[in-house]
Amino acid sequence: MTDLTKLTIAGARDAMRNGETSSAEITAACLSAIEGSGALNAFVHNTPEIATAQAAAADARIKAGDAPDMCGIPLGIKDLFCTKGVPSQAASRILEGFKPEYESTVTSQLFGAGAVMLGKLNMDEFAMGSSNETSVYGDAVNPWKVDDRALTPGGSSGGSAAAVAADLCLAATGTDTGGSIRQPAAFTGITGLKPTYGRVSRWGVVAFASSLDQAGPMTKDVRDAAIMLEAMCGYDPKDSTSADLAVPNFEAALTGDIKGKVIGIPKEYRMDGMPAEIAKLWDDGTAMLKDAGAVIKDITLPHTKYALPAYYVIAPAEASSNLARYDGVRFGHRATLAAGDGITEMYEKTRAEGFGHEVQRRVMVGTYVLSAGFYDAYYNRARRVRALIKRDFDNVFADGVDAILTPATPSAAFGLGEMTEADPIQMYLNDVFTVTVNLAGLPGIAVPTGTDASGLPLGLQLIGRPWEEADLLNVAYSLEQSAGFVAKPNKWW
Amino acid sequence: MSIDTQTARRVAKLARIQVEDDALPALAAEFSAILGFIEQLNEVDVDGIEPMTSVTPQRLKRRDDVVTDGDQQPAVLKNAPDAREGFFAVPKVVE
């Protein structure tokens with residue numbers, strides 16, 4: 001077989017079971033693709049020895065029969081996941097040299113199912129960013145290119161998106177706090193799923209905003225997202241918010257039959273100044289679902305406008321608390337101290353040296369909104385608004401809507417460095433369509449359905465009812481079949 | 001709300017992040033922009049709405065109050081910037 005790196009998870013699974021290829025072969029092909037991909041800066045810690053050993057074990061298991069679906073599949077792992085004995089630094093200087101003594105639940109489940117780790121992937125520092133430009137490793141670069149500009153793969157899971165789009169791995173793990181799986185997936189023409197809050201264990205994933213963080217799959221198509229999600233999710237007593245629910249066979253739900261499904265189109269997402277290309281993409285997607293037999297229904301989510309400001313209170317507040325652990329005492333970086341410096345100077349210098357600018361800013365904003373005198377005005381008000389945003393969705397689902405269709409991003413991928421001079425709010429607007437889903441704890445999936453005039457990929461987002469990822473994946477599958485998006489970036493790296 | 005350099009200094013201190021004096025005005029301006037954006041929330045009528053504590057209605061599980069882990073001193077100290085004689089070492093805290 002040629003082009004083993006271009007295989008999907010489903011394709012590789014079937015080919016390995018048929019004996020047409022082996023995990024050792026696919027893994028070797030991926031490792032060699034990674035070696036030639038320095039210009040993308042997607043993989044930041046390579047683990048070829050681990051990959052080769054895991055692939056050999058997977059091949060033995062496949063040969064013995066009865067191997068799980070993920071057995072032998074080479075993956076990239078976002079640097080936010082703790083992987084035992086392998087650098088896991090959340091793209092931050094403050095975790096330089098940190099090698100966890102334990103394995104995150106998600107990676108442990110994936111490796112238990114036989115998946116192969118190729119290495120760790122670039123991301124925004126502590127998952128705070130929408131362009132992968134806040135990383136201590138430097139920018140990850142989008143494999144899509146239409147002129148001489150280097151484009152962002154999006155963020156925070158920018159390395160994951162770039163690696164999957166460039167066929168460096170068959171799929172990757174991502175995490176999503178405000179859109180960090182779905183926005184980069186849309187920017188790179190791949191599929192990205194954020195599960196219902198509580199579906200996937202957060203244990204061993206470096207925490208950003210614990211009430212919003214969810215890990216999920218970033219894959220080449222919807223079927224792969226279904227297969228990989230099943231291996232990632234499930235009840236974990238080590239995460240107190242993990243849901244004790246049965247894990248369905250998500251792949252079996254992909255019938256493509258969506259006749260009679262009610263798809264909501266929220267009017268508040270038709271923002272002022274929405275580019276004509278995005279509006280057309282959305283209208284085209286709506287027509288595809290209608291042609292497939294779905295019932296299209298105009299809906300209203302009245303508090304949409306307040307989602308981003310609520311998010312930029314709640315996420316920094318939780319981050320300021322979560323990131324308090326980086327104090328230079330137990331792990332990671334400690335600043336060199338001057339004579340006479342005490343423990344306070346150690347904290348302050350360590351955190352000033354270890355955190356990048358965006359992380360410092362968010363920790364301080366969070367500190368401010370939680371401080372005495374402002375807690376009610378900012379933090380409690382944001383939590384009230386969050387309750388209203390969730391109620392908007394509850395009302396729509398109670399009215400019989402099965403899934404909601406929206407654009408995934410307000411534009412195609414932009415150039416690296418283009419937003420440097422903009423104020424931080426401009427960058428935050430990237431998450432305008434995705435952040436509501438985190439605030440309401442819902443599952444959401446980005447599916448590539450078209451391109452802009454210059455040929456860059458664009459994606460649509462489908463939002464589902466809580467815990468109904470299977471149904472959501474089936475609607476996404478139907479959309480994917482209708483859209484027929486198969487474009488790939490031309491290799492320039 | 002406009003944040004002055006005095007407030008920026010206080011917030012940096014609370015967050016235990018060292019910020020040089022000459023960086024404070026720019027930091028204060030960034031805070032002001034972000035808080036200005038956040039202030040849209042004042043337009044929302046939140047009367048009678050409880051602040052959200054859990055996005056999914058779930059009861060936190062209880063487990064038996066027993067030791068399930070331990071005896072891992074070397075693993076716990078493995079990543080410490082300064083560990084001595086089985087302890088984390090830090091600058092003198094008490095005079």
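Cβ atoms here come from the backbone N, Cα and C positions, even for glycine.
Per TrEMBL, domain 'Amidase' is recorded for A:25-473. What TrEMBL lists as active site, charge relay system is A:LYS78, A:SER156. What TrEMBL lists as active site, acyl-ester intermediate is A:SER180.
In the predicted structure, the domain 'Amidase' (A:25-473) carries a mean pLDDT of 97. Under the DSSP three-state reduction, A:LYS78 (active site, charge relay system) is assigned to strand. Long-range C-beta contacts of A:LYS78 (active site, charge relay system), restricted to its own chain and to partners at least six residues apart, with a cutoff below 8 Å, comprise A:LYS120, A:LEU121, A:MET123, A:SER157, A:GLY159, A:SER160, A:ALA172, A:THR173, A:GLY174, A:THR175. Within 10 Å of the C-beta of A:SER180 (active site, acyl-ester intermediate) we count 37 further C-beta atoms, all protein chains included. In this structure the alpha carbons, written CA, of A:SER156 (active site, charge relay system) and the residue listed as 'active site, acyl-ester intermediate' are 5 Å apart.
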